[in-house]
Amino acid sequence: MSVAVLAFGLNHTSAPVSVRERVSMPVDLVKPALAGLRSAFGGAVREAAILSTCNRTEVYCAADAAVAEQLPIWLADHHCMEAGSLHPHLYRLHQNDAVRHAFRVASGLDSMVLGEPQILGQMKDAVRAAEEAGSLGTLLHQLFQRTFAVAKEVRSQTEIGAHSVSMAAAAVRLAERVFGDLGQARTLFIGAGEMIELCATHFAAQHPRSMVVANRTAERAESLAGRFSAGTMKLADLTERLAEFDVVVSCTASSLPILGLGMVERATRQRRHRPMVMIDLAVPRDIEPEVGRLDDVYLYSVDDLGRLVQSGTDARRAAVVQAEAIIETRVQGFMHWMQSREVVPVIRGLHQAAEDVQAAELERARRLLARGESPEAVLEQLAHGLTQKYLHGPLAALNRSAGDERKQLLAWMPRLFPGRDSRR
């Protein structure tokens with residue numbers, strides 16, 4: 001059975017954050033998941049890679065096409081979910097659609113922030129994890145190498161990333177909606193990853209009254225805080241100190257909420273009900289969604305920011321058209337490469353069969369020469385034997401065929417076995 005490129009998963013357009021957080025995979029769980037996927041399907045899934053970010057969880061496979069319908073069931077089972085609850089949010093892509101999707105994702109065309117560059121790095125991390133897990137083979141390796149090349153081509157030849165509103169900039173805008181000038185705002189960042197670093201950069205440009213970084217690893221918190229003359233604190237101190245802050249931006253890799261309803265409710269009472277902006281960029285979420293019901297708290301999720309960053313998309317519509325044209329050309333190129341791979345075993349088989357005939361006829365000729373036969377007679381017998389073997393296959397196929405099959409064979413014969421007329 002031929003191997004197909006398959007992709008399935010969900011993203012910010014097909015599933016809300018409440019669903020995405022249930023299938024999100026931290027980096028340390030990706031390799032075990034890949035091992036479980038290949039084990040569940042045996043040889044039917046030859047290669048696999050998993051891309052899991054705040055906005056998407058996707059699985060790319062080189063697999064037998066017959067298992068395509070069972071793959072989403074595995075994803076649901078892996079996360080202890082009912083397949084029916086996940087099914088409405090999933091997309092399943094096959095062959096050129098899967099290839100096109102990979103190219104679009106890496107190029108930023110499928111991102112919440114159109115043209116954002118972070119997704120390319122995240123996809124490279126996913127490929128690295130698959131390589132380390134031993135689940136990347138020739139087909140997916142070629143797919144992702146071409147994916148990265150396409151993303152570079154799109155970004156260098158179009159303005160897909162120009163004039164975009166980043167998630168970090170959107171976070172600042174949301175805080176400004178509540179407080180106006182942020183010059184007097186005390187800002188807390190929970191986490192110390194790339195997204196928090198971007199947010200800290202944008203907030204620092206507004207010169208807030210103070211900035212503090214809280215992170216599980218003190219060394220990383222101090223490193224980030226040092227760039228912005230910010231303070232640091234332990235996550236364990238959140239309960240006591242949360243009330244100090246007007247703006248809280250959180251993005252960690254925690255599998256459970258860090259800020260619960262009770263903790264935030266106590267903080268609002270200590271603040272005497274002064275407003276608090278809380279921006280949760282994590283998937284799974286760092287802040288319990290029930291916090292948004294509190295009168296004095298303005299809670300925004302990653303999806304809320306996504307709606308804000310859609311502004312400016314119209315201005316980049318021409319760049320999108322250019323990018324899609326580049327991608328379509330490269331999709332066709334990859335599919336041609338895949339089709340050429342399917343021919344390779346046939347060509348090898350033909351060469352091997354021809355070499356076997358050649359070896360047998362040469363051995364027969366040597367025996368005849370050893371017995372004293374004249375070289376001229378041996379050469380004639382060698383030529384005759386090769387001719388008979390050459391013609392045996394096609395003539396036997398013609399003799400066995402009938403009707404439409406015979407018509408097709410007759411039509412192909414001049415191309416497969418060009419005669420004197422075809423060389424004129």
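Yeah, the Cβs are placed from backbone N, Cα and C, and that goes for glycine too.
Counting only same-chain residues at least 6 apart in sequence, those with a Cβ under 8 Å from the Cβ of PRO117 (substrate binding site) are GLY108, ARG155, GLY161. Summarising the annotation, Swiss-Prot assigns substrate binding site to THR53, CYS54, ASN55, ARG56, SER111, GLU116, PRO117, GLN118, GLN122 and lists sequence analysis as the type of evidence.
The Cβ of CYS54 (active site, nucleophile) has 25 neighbouring Cβ atoms from other residues within 10 Å, across all protein chains displayed. The active site, nucleophile annotation in Swiss-Prot covers CYS54, and the record cites sequence analysis as its basis.
The annotation site 'Important for activity' is assigned in Swiss-Prot to HIS101 on the grounds of sequence analysis. Taking the Cβ of HIS101 (site 'Important for activity') as reference, residues of its chain lying under 8 Å away and at least six apart in sequence are, in sequence order, ALA7, LEU93, ASP110.
Marked as NADP(+) binding site by Swiss-Prot: GLY191, ALA192, GLY193, GLU194, MET195, ILE196. Taking Cβ-Cβ distances under 8 Å and a sequence gap of 6 or more within the same chain, the neighbours of GLU194 (NADP(+) binding site) are GLN118.
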Candidates THR53, ASN55, GLN122 (binding-site residues) - the one closest to GLY191 (NADP(+) binding site) by CA: THR53
Neighbourhood of ILE196 (NADP(+) binding site), C-beta criterion under 8 angstroms, separation at least six: PHE189, ILE190, VAL213, LEU224, VAL249, CYS251, LEU281
Output field, NADP(+) shell: CB within 8 Å of site CB centroid, site GLY191, ALA192, GLY193, GLU194, MET195, ILE196 dropped: PHE189, GLU197, LEU198, CYS199, LEU224, CYS251, THR252
Distance, ALA192 (NADP(+) binding site) to THR53 (substrate binding site) (CA atoms, angstrom): 16
